[in-house]
Amino acid sequence: MKKLVHKESQWEILSQLGTGAFGRVVKAKKINCDGTGIIIDICAIKIIKKSVFTKNEIEILKQLDHPLIVKYYGYGVGEIDDNIYIYMEYIDGYPVSSILRKQPKNQFPEDIISKIVIDLALILSYIHDNERKIIHRDLKCDNIMLVNDNTHSCDVNGNCSRNGGGSAKSANQSFFTEDCVCNVNGSGTDENCKSCKLKSKPIREIQGSCESCGSDLEQDSSSSSSSSSSTINNGQSSTCRLINCIYSVSKKIKLIDFGLSKGCDGDSKYYSLVGTSTHMPPEVALRNNTACRKSDIWSLGCTIIEMAGGNLFEKDIHGKPKIPDHLSASCKNFIQRCLTIDPNHRDDIINLISHNFIDRNRINEEIKEDISKSKIQFDDEFNEIISPGDLDSVNEVVFGFDFNQTIIPGTMNSVKKIEFGGSFNKELLIDSLPSATSITFGARFNNGNKPFAIGAIPSTCKSITFGWTYNQPFYPGILPNSLKKLIFQEGGDFNRILEVGSLPSSITTLILGDYDQKIEKGVLPSSLTILELGGEFNQPLEGSIPDSVTSLTLGYRFNKALTENCIPPNCKFLKFGSNFNKDLSPGILPSSIETLILGYCFNKELVEGSLPLSITTLIYEHRDNQKKVSYDYKEVTNLSKDLEENEIIPLTPESLPESITKLTIGKNQNHVIEFNCLPPDLQCLKYHGGFIRPLIPRDLPSSITSVKLYNYNYEIKKTSIPKSVTSLQLGSRHNKFTQIQSLSNFHPNMRDLKIYINDDDIDIYNLKDIIPQTITSLIINGDNIDLPIGIEN
């Protein structure tokens, strides 16, 4: 949705729903329907000062479409003020935290907790999947809404009107009221009680039972005899136990507040200290690791403790929140798996869904019901002709390996996403997939060994992936102008010459598997932003890549000399393959580059000006990170020998721009760290190279927080590692660290330690007096060690 202009004259603010550090949220109603751009009459509007606004929350919300997540309608800029207005679904309900505070002992029954956790598991599996990769980063009871289903009238204090008690409201009204105390209790009218509007009243405990949920009701000894509340049996007002009654009729939550959420790419790093401190995972609180999808899992465990009445400020000896004793063994185990200190060993949501604390039958039913409306996946053995009506209303189809039947036009009119198995090699007929937006062909597909007819690929198609065998020409008009992404798998046969006009001007992503044809100027469209040239590509680049490309990957065989016109001027990400070893003279790399990756063969000296100041991430890859290349044994041996004979090239301040914050150096680069040579703002260093002396002060900058030294084997001195470092790795599986007595010299800021030592040195009780007590995560030879050392479970 485009940005709107928010006009106060078009909205009536009905109530304030909440306030926070960044703004406030109000309930608002349209009073002038013309020109608002919002089709919903009542919205929740988040109002944020433009000075603190980022588009992050909007970009996240636009990706989400799930019945258990708050809906996003659009956003606008204030017409007369300096605010941003985010229009969202108004949720008729209350935060779980509000209901929790009304409960005896501030805790929910475990069966209710389990139901809420199931909904949260469904939400997390949705936002964490590989399509969205979203981290919520603030999961807690305040951000979980229990939603009214408009069939039961019970207010936030538990006054249940279905049996005529507690409230004068009728049964078809909201069980979450916003009326004043007098009106709810039946002791006043709207005219004479406007002054007390929206006040809350204490929980009333009375005798009897709620007809809705069957909960026992007890007498409220403090209630006045003059109260005009409705009565049951003995004439006393009634209140049900809130959570049992409300959840039995609601059966639905919604997750809100994605203001702190982030997208991630598996290893994405977010060092910012955000979230709620009581629910914050250690990797975020200590700023020594990455905020990842598993960070939400820690918060899920804390949220369960919160709903169970636990005190999140009360920690055990490991720094984890204490789990309430009254919970079942199954629930406790579920929480323990959420609260694993090391995120690398913490369960993800897919593993937790299989835990016996979760009702797997309900999970399966929810997922199956969702999939049944949109997706069908066939077994590998299926190989029957699809008939008209077989796949009506199906949006996604995945065929197994054996399927190899012609798709008859009219049989897949609703299918938007289709994936063929490895055996499929029938010609794609015109109008056979009229609505498809994404098509993936298997390994043997070659379109019946003939080019596509114009119109065979539908005008709706946005993404096509070809397997290994496809090698047919693309004449102008074959690929539709709707196409955004075109992928040829690595190792595939496609190697046809691409002519001007064969690729539509709409393409933004092009991945050419093992393509090795010279690309003439004008062949690649100016819409292209992501280009990957496969492993076999080794052609000159000058003038062939459009200026629009911002991400460029060159395959392992590429080793052509570069000039100033080779790399596009807007390129931000540039990756060279393993073979590249040409000079990078000043001016070759544009000043737009932020991430540069050099392969393990690169061994040229970097002089001042070789690397632009825009670079923030520089990676020297080493052989272990490369895929196997098609050298024969002799070539590999000679290549390694040549590298070993080259002189050692020191890293110098002139060769590394000050802007770099992340640096990885491979073991074959023959570079060594020298005094004060690393960029001053460096935060993360992975160093596979050797050392010719111990680290001394100022070798590592004071900005650095994460250091991995795979071949370091000198004594650690108090000044060797800066106090800013909270995460450290010493040694590797092939290069053990033997100076273990010096580990006691770590500064107190160190939290995360990973070491590889000789098996003879692994004596836990000897290490007890060496490893500092401040360490909260310890991994020895790849195994996670329980802390503190020497404490038996």
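Cβ atoms here come from the backbone N, Cα and C positions, even for glycine.
According to Swiss-Prot, the feature domain 'Protein kinase' maps to 11-358, an assignment based on similarity to another entry.
The ATP binding site annotation in Swiss-Prot covers L17, G18, T19, G20, A21, F22, G23, R24, V25, K46. Under DSSP, G23 (ATP binding site) is assigned to a strand (E or B) in the three-state scheme.
The DSSP secondary structure for D138 (active site, proton acceptor) is coil. If you look up Swiss-Prot, you'll see D138 marked as active site, proton acceptor.
According to DSSP, the repeat 'FNIP 1' (403-444) comprises 0 helix, 6 strand, 36 coil. Per Swiss-Prot, repeat 'FNIP 1' is recorded for 403-444.
The repeat 'FNIP 2' annotation in Swiss-Prot covers 470-514. Taking Cβ pairs closer than 8 Å, the repeat 'FNIP 2' (470-514) reaches residues 441, 445-447, 449-454, 456-464, 520, 522-537, 555 in its own chain, all 6 or more past its ends.
Per-residue pLDDT, averaged over the repeat 'FNIP 3' (515-557), rounds to 92. According to Swiss-Prot, the feature repeat 'FNIP 3' maps to 515-557.
The repeat 'FNIP 4' annotation in Swiss-Prot covers 558-601.
Under the heading repeat 'FNIP 5', Swiss-Prot lists 691-733, citing sequence analysis as support.
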Problem set entry | Other CB atoms, at most 10 A from the CB of V25 (ATP binding site) | 20
Problem set entry | Non-local residues, at least 6 beyond the ends, that sit with Cβ under 8 Å of the repeat 'FNIP 3' (515-557) | 488, 490-491, 494-500, 502-509, 563, 565-580, 592, 599, 626-627, 629
For this session: Return the residues near L17 (ATP binding site), defined as same-chain residues 6+ apart in sequence whose C-beta is under 8 angstroms from its C-beta, sorted by sequence, else 'none'.
Result: V25, V26, K27, A44
Exercise. How many whole Å apart are the CA atoms of T19 (ATP binding site) and D138 (active site, proton acceptor)?
Worked result: 16
Exercise. Could you give the Cα-Cα distance between D138 (active site, proton acceptor) and G23 (ATP binding site), in whole Å?
Worked result: 17
Exercise. In which DSSP state, out of helix, strand and coil, do we find L17 (ATP binding site)?
Worked result: strand
Problem set entry | Long-range Cβ environment of G23 (ATP binding site), under 8 Å and at least 6 residues apart | K46, I47, I48, K49, V52, N83
